[in-house]
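Here's the structure we're looking at; comments come further down.
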Amino acid sequence: MLNSNKFKSKTGAYGDLFQRVVVHSLVLTFLVLLLYSSLFPLTSFALGFITATCGAVGTYEYSSMAKAKMHYPLSTFSAIGSFLFLALSFLSIRWGHSLPGFFDALPWTLLIVWVVWSIFRVRKSTIGALQLSGVTLFSILYVGIPIRLFLHVLYSFIHTQEPYLGIWWASFLIATTKGADIFGYFFGKAFGNKKIAPQISPNKTVVGFVAGCLGATLISFIFFLQIPTRFASYFPMPAILIPLGLALGITGFFGDIIESIFKRDAHLKNSNKLKAVGGMLDTLDSLLLSTPIAYLFLLITQSKEFIG
């Protein structure tokens, strides 16, 4: 009987692994096609819609955690606010050169109005105005700001001589961050025994963390070797990509840990129940912390060309 249970456990683990590989491979293929066509008008609007939708779903999932914890009543309201914030952000970042100057302020104006409106929208809420406004604001910013910064990384080189440089940087950011996730998952599953934070994220192991760091370093080294010749002038110190990739892998790990803390506080295993994925936050969590690091790096090192 014991052997039978072990067999079922292993079979279930392999089935889950197979589903993860299939789902993430399909998502990755779609993402690559979308990224590398993101400078064309039609596909750029598709990307804008998809990123705004992802942000809205992520915000809804975070708000649902708050609902489970403290009966937060505005999950859908916050998700709509996140969608509008990111849709306006996309328009101002991608098409700002052809829009009136005041358009850059619209996303932030909407955010302020949305938070104030949330206070008056639920007058009899059991959690109070301070908590209500705080959860509404944070639920939008937690997901919305990193996605907005990702759009900056992708499109801020569009008016330079090398508009595809933004796509290169976006690819580097995703590859190193999610590569660390993948290396950490597989090696942690195969060889990991010692847990890093068993009370927060039981599946995170020391072996997985080290493997993730090595994976991010390896991927950044590959990018370093394959820098296109036409981009060379933008990389006065190209070797800095290697420690940057490591930093993105490490911050991505802590982004994952932060989301796990939120889930444990709400007594949830996954942020949602998408097959083989968990939820939008479970997919984006590592990028939510690594994206601001990549943005700051570009803002400092590419200040002449990068329109942050």
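A Cβ is built for glycine as well, from the same backbone N, Cα and C atoms used for every other residue.
What Swiss-Prot lists as transmembrane segment is 30-50, 73-93, 100-120, 127-147, 167-187, 205-225, 235-255, 280-300, and the listing cites sequence analysis.
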Maximum Cβ pairs under 8 Å to the transmembrane segment (127-147) - stretch from the list 73-93, 100-120, 280-300: 73-93
Tertiary contacts of the transmembrane segment (73-93) (same chain, 6+ residues out, Cβ under 8 Å): 47-49, 51-53, 55-60, 63-64, 66-67, 99, 103-104, 106-107, 110-111, 114, 118, 121-122, 125, 132, 135-136, 139-140, 143-144, 147-148, 151-152, 155-156
